[in-house]
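Notes follow the structure.
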Amino acid sequence: MSTDCLFCGIVARTVPATVVHETDTVLAFRDIDPQAPSHLLVIPKEHYPDAAAMATADPRLAGDVLAAAGKAAKADGIDATGYRLVFNTGTDANQTVFHAHCHVLGGRRMSWPPG
Ligand code: 5GP
Ligand code: ZN
């Protein structure tokens with residue numbers, strides 16, 4: 001845990017969040033500034049700065065995040081219509097929170113390529 005990390009605060013329940021799915025290793029909650037009708041974030045409970053660092057250190061945990069993304073999408077009713085999983089990584093991708101997280105976006109038709 002990193003004491004100055006926002007998402008570690010959500011894991012520790014010192015920062016409030018609307019949790020939609022949880023396991024021993026991961027947490028899924030609603031994004032505070034949704035970019036789609038359903039916009040969830042899935043994070044490992046352990047702190048890693050980005051998805052690549054997580055997957056390198058603990059591939060099984062990366063699998064847990066992906067499995068939880070599917071379960072959270074189903075719980076939010078977007079599994080039938082489809083959804084997008086995004087791991088923003090670094091400056092050009094506009095990563096703003098440096099605790100690995102998977103965006104789960106759905107509930108509307110999305111364009112490709114992303115802007
Ligand atoms: P990034 O830009 O790093 O890929 O995504 C960070 C996400 O975290 C953004 O979509 C932003 O809206 C979300 N976010 C930032 N602060 C909070 C917060 O305090 N609570 C929740 N639930 N989401 C947050
Ligand atoms: Zn963290």
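Heads up, the Cβ atoms here are built off N, Cα and C, so glycines get one too.
From a predicted model like this one, the values you see are computed outputs, not experimental measurements.
Taken from TrEMBL, the feature active site, tele-AMP-histidine intermediate applies to His101. Per TrEMBL, the feature domain 'HIT' maps to 6-115. Look at TrEMBL and you will find 99-103 tagged as motif 'Histidine triad motif'.
Counting only same-chain residues at least 6 apart in sequence, those with a Cβ under 8 Å from the Cβ of the residue listed as 'active site, tele-AMP-histidine intermediate' are Phe7, Leu41, Val42, Ile43, Ala51, Phe87. Taken through DSSP, the motif 'Histidine triad motif' (99-103) splits into 0 helix, 2 strand, 3 coil.
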